[in-house]
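Trainee: Before anything else, here's the structure in question.
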Amino acid sequence: MIHHIPNVLSKEQVAEFRKLMEEANWVGGKVTAGTLSASVKRNQQLSEQDPLTHHLSDIVIKAIWQNPLFQAAALPHKIIPPLFNRYDEHESFGFHVDNSIRLIRGTAEQIRTDLSCTLFLSEPDEYEGGDLVIEDTYGYHEVKLPAGDVVLYPSTSLHEVSSITAGTRFASFFWVQSLVRDDSKRHLLFSLDESIRELRKSHGDSYSEVMKLTNIYHNLIRMWSEL
């Protein structure tokens, strides 16, 4: 399932990110690509060793751990520290699938990539082209969100960033190992969580059905989660 998570960063935070990123030193994006995806990857990245990458990454990590909608949709167990890229005119990243296992930066720890995430750092009207195109069983989905918003989607999906025809597209990208690896189970849990939240709004926390559904939700987490 594809999730749109709005306002992960404020407009003020985005503006500060952009100021720092526009003054940064960029390297070729193929440094983090697998052998197959490197052949279709034409973009630029901040180096993983750049102190700016660490600084911005810490801000993004804090924001997503504190975002209730992200937590409900992803059920994160581990998060790869975010990286940052830019696409200038004629740059793109053709259809590819993300690596199933990745190292956490600066450690020997590996994580399974269950969910892929893009945090948009350019407004849609700042560039032409550059859509994130995600393929799933229902077809192709073109995604271009406001700056500060995140799209979250299964890492099993083929996806691309279409060619930039004008302007520059800045973004952050990262991966999540979920407590629940199966996308269909995560979707069921998210739908149940949404129903519980709506019942709490309309009937209050002491409503008996809220208690029953919350019990079911947590028991399903116990049944399906991996730690």
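In case you wondered, yes, glycine gets a Cβ from its N, Cα and C as well.
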Trainee: Can you pick which of His54, His141, His159 Swiss-Prot lists for the same Fe cation site as His96, Asp98?
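Mentor: For the Fe cation site that includes His96, Asp98, Swiss-Prot also lists His159.
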Trainee: Among the binding-site residues His96, His159, which residue has its Cβ surrounded by the fewest other Cβ atoms within 10 Å?
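Mentor: His96, out of the binding-site residues His96, His159, has the fewest neighbouring Cβ atoms within 10 Å.
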Trainee: Neighbours of the Fe cation site His96, Asp98, His159: Cβ within 8 Å of the Cβ centroid, same chain, sequence order.
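Mentor: Neighbours within 8 Å of the Cβ centroid, excluding His96, Asp98, His159: Ser37, Phe93, Phe95, Val97, Ser116, Ser155, Ser157, Leu158, Glu160.
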Trainee: Below 8 Å Cβ to Cβ and six or more residues apart, same chain only. Which residues does that give for Asp98 (Fe cation binding site)?
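Mentor: In sequence order, the residues whose Cβ lies under 8 Å from that of Asp98 (Fe cation binding site) (at least 6 apart) are Thr113, Ser116, Ser155, Trp175.
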Trainee: With DSSP as the yardstick, break the domain 'Fe2OG dioxygenase' (78-178) down into helix, strand and coil residue counts.
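Mentor: With helix first, then strand, then coil, the domain 'Fe2OG dioxygenase' (78-178) has 3 helix, 60 strand, 38 coil.
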